[in-house]
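K.L.:
OK, TrEMBL features for this one:
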- K7, S8, S9, L10, R11, R146, L147, G148, R149, G150, G151, G152, S153, Y154: ATP binding site (BINDING)
- V63, E68: substrate binding site (BINDING)
Amino acid sequence: MHALSEKSSLRDRLVAERRDRAPAYRSAADAAIRAVVRDLLRAGRPVGRPAVGAARRSVAGYVPSDGEPGGAALPDVLGTWGDRVLLPVLRSDLDLDWAEYTGPDCLQRARWRLCEPDGPRLGRGAVSTASVLVVPALAVDRTGTRLGRGGGSYDRALSRVPRRTLVVALLYDGELVDDLLPHEPHDRRVNAVVTPAAGFRRIGPTAG
Ligand SMILES: Nc1nc2c(c(=O)[nH]1)N(C=O)[C@@H](CNc1ccc(C(=O)N[C@@H](CCC(=O)O)C(=O)O)cc1)CN2
Ligand SMILES: Nc1ncnc2c1ncn2[C@@H]1O[C@H](COP(=O)(O)OP(=O)(O)OP(=O)(O)O)[C@@H](O)[C@H]1O
């Protein structure tokens, strides 16, 4: 099958599977994921020092919606570390701008049931100052290929961060898949995942 239609049928299946997960699984899994993320940031490694050129430690995250792993409290957990949490603001061309998370009150409803911060837009390049990126994904394979919502938003955002930056996708159990996902030249890999059962795992060529 062509990569594009293969991706879209996989996407449909994975979204449906998320929808079918029991509320009790979701809330326990979200709490487990947040605990792993909190410990990862607190330990400081492999997150390391502020990104080169960054005056402050900043982490880029997202606001889970539509049954995405992590739950609504994820930005607050990211805020327990460092000085600045960046959240994506979807542009009309589906590229990502970024704005700072300053607390639950800064979030407003946006397109496609997204929640976005209402503060000043910092520009597409702001993500390059982040020491760690916590990214959404529908699935990831063992090479780090990520399947997202289909806008190519994170492919573009990830092309602006140094390759050594920790890029960690949050997944439910079963979404770190054995079969290789379709990979196109523009697809940018993640180098770690968090799942409720296995916790933090490095993947791809930097694993070990
Ligand atoms: N929580 C969260 N925030 C995020 C993302 C994400 O995956 N999750 N993104 C990751 O890139 C960006 C937003 N991209 C998105 C792309 C598509 C849809 C979406 O719901 N699409 C509809 C179909 C839209 C249409 O009618 O064309 C759908 O999937 O049903 C949502 C977000 C930035 N913010
Ligand atoms: N660097 C880029 N510049 C412009 N368009 C891009 C770029 N990267 C990907 N795209 C476009 O985005 C579309 C969707 O890409 P893809 O299916 O890989 O999205 P995704 O990674 O699943 O979604 P997302 O990152 O938004 O969660 C493709 O049509 C692709 O051409």
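Backbone N, Cα and C atoms are what each Cβ position is placed from, and that goes for glycine too.
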K.L.:
Spatially, which candidate from the binding-site residues S9, R11, S153 is nearest to E68 (substrate binding site), comparing Cα atoms?
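P.N.:
Ranked by Cα distance from E68 (substrate binding site), first place goes to R11.
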K.L.:
Near R11 (ATP binding site), how many other Cβ atoms are within 10 Å of its Cβ?
P.N.:
16
K.L.:
Between S9, S153, which of the binding-site residues has the fewest other CB atoms within 10 angstroms in the structure shown?
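P.N.:
Among the binding-site residues S9, S153, the lowest count of other Cβ atoms within 10 Å belongs to S9.
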K.L.:
Does DSSP put S153 (ATP binding site) in a helix, in a strand, or in coil?
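P.N.:
In the DSSP reduction, S153 (ATP binding site) maps to helix.
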K.L.:
Run through the Cβ atoms and count how many others sit within 10 Å of the one on V63 (substrate binding site).
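P.N.:
Counting Cβ neighbours of V63 (substrate binding site) within 10 Å gives 21.
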K.L.:
How long is the line from the C-alpha of V63 (substrate binding site) to the C-alpha of L147 (ATP binding site), rounded to the nearest angstrom?
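P.N.:
Just about 18 Å between their Cα atoms.
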K.L.:
Of the binding-site residues K7, S9, R11, L147, which ones put their CB under 6 Å from ligand 1?
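P.N.:
Once distances to ligand 1 are taken from each Cβ, none falls under 6 Å.
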K.L.:
Consider only the binding-site residues S9, R11, V63, E68: which of them have a Cβ under 6 Å from an atom of ligand 2? Write none if no residue does.
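P.N.:
From S9, R11, V63, E68, counting a Cβ under 6 Å from ligand 2 as near, there are none.
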